[in-house]
Amino acid sequence: MTDAQVSCEISEPRMVTRKFLARPQHEGVGAIVRRSIGRFELRYFDPFLALDEFSVTAPAGFPDHPHRGFETVTYMLQGSMTHEDFEGQKGIIGPGDVQWMTAGRGIVHSEMPASQGTQKGLQLWINLSSKQKMIEPKYQEISGKDIAEATEDGINVRVIAGEALGAKSPIYTRTPTMYLDFTLKPGAHLQQPIPTSWNAFVYVLEGEGVFGIPQSSPVTTHHLLLLGHGDGVEAWNRSTKPLRFILVGGEPLGEPVVQLGPFVMNTQEEIDRTIYDFDNCINGFEKARHWRRSDF
Ligand code: FJE
Ligand code: FE
């Protein structure tokens, strides 16, 4: 074996330490989400605050609401969503598209269905470090057709953040993050390196897969798997149908978290200040004073 091959191998595969089934719950106005991270039993998986698999049919949606102190990553699986913020920035994200929104010091926006039928996707909330919580808001958008993709040995990967199988994402992650969308054909076996110090999880979207060690029992859709210590993860598709899952990893911040709904800061004092800023339309929320989404 050459050195190059050795360096690609995983020496300490991560095991599955916890498994959660995300059940549907109501969120927003008439919307349904399957929340895995962010629910009572798993408040925080540093640096991840929430993972929602959402399902929205008009007139349901997520009308005007604020954010401060973290990032939201919306990945569309089916249908389209219109987002519109208090600066008048408006856009539509369709199937396969990603919107990486850094709320920073403040965003007020609406996220509503843009098409008929049911819109489905994932929204991940990534915490920002104390130094970055109050930065200017920013969007990074990648259209589905521009997402880096690689295919090898029955494995397809769409690289939303980080890199895998030689494909690399252009997304800039303020909190170092990897976000990979894998599809494994029946019989395929994946070995994916993950930085040792990072927290990482798998969320199954389609089919069933074996994760961690080859002896473990197969895991089906809507399950979140937390991964333990190690330098990578292994996955097997031993079924007769495609297996699709996301693998997400991030560098833990190791900071205190005080969360009040869509406001995530380090201390209660900062949360009190945030409510004051939002109520008075100051300190990043200036434009919230007169803004109403256009289709209200
Ligand atoms: C919400 C704060 C929020 N999950 N999944 C409070 F930010 C939201 C919210 C969402 C959301 C939006 C999309 Cl597009 C997808 C989501 C929560 O907008 F519903 C409440 N109650
Ligand atoms: Fe939002």
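Glycine residues also receive a Cβ, built from the backbone N, Cα and C atoms like all the rest.
Summarising the annotation, TrEMBL assigns domain 'Pirin N-terminal' to 33-126.
Among the features that TrEMBL reports, Fe cation binding site is placed at His65, His67, His109, Glu111. The Cβ of Glu111 (Fe cation binding site) lies under 8 Å from the Cβ of Gly28, Gly61, Phe62, Thr74, Met81, Thr82, His83, each on the same chain and at least six residues away in sequence.
Among the features that TrEMBL reports, domain 'Pirin C-terminal' is placed at 179-282.
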For His67 (Fe cation binding site), the number of neighbouring Cβ atoms whose distance to its own Cβ is within 10 Å equals 23
Given the binding-site residues His65, His109, the candidate whose Cβ has the fewest other Cβ atoms within 10 Å is His65
When pLDDT is averaged across the domain 'Pirin C-terminal' (179-282), the result is 98
The DSSP breakdown of the domain 'Pirin N-terminal' (33-126) into helix, strand and coil residues is 3 helix, 61 strand, 30 coil
Same-chain, non-site residues whose Cβ lies within 8 A of the His65, His67, His109, Glu111 Cβ center for Fe cation are Phe62, Asp64, Pro66, Thr72, His83, Asp85, Ile107, Val108, Ser110, Pro262
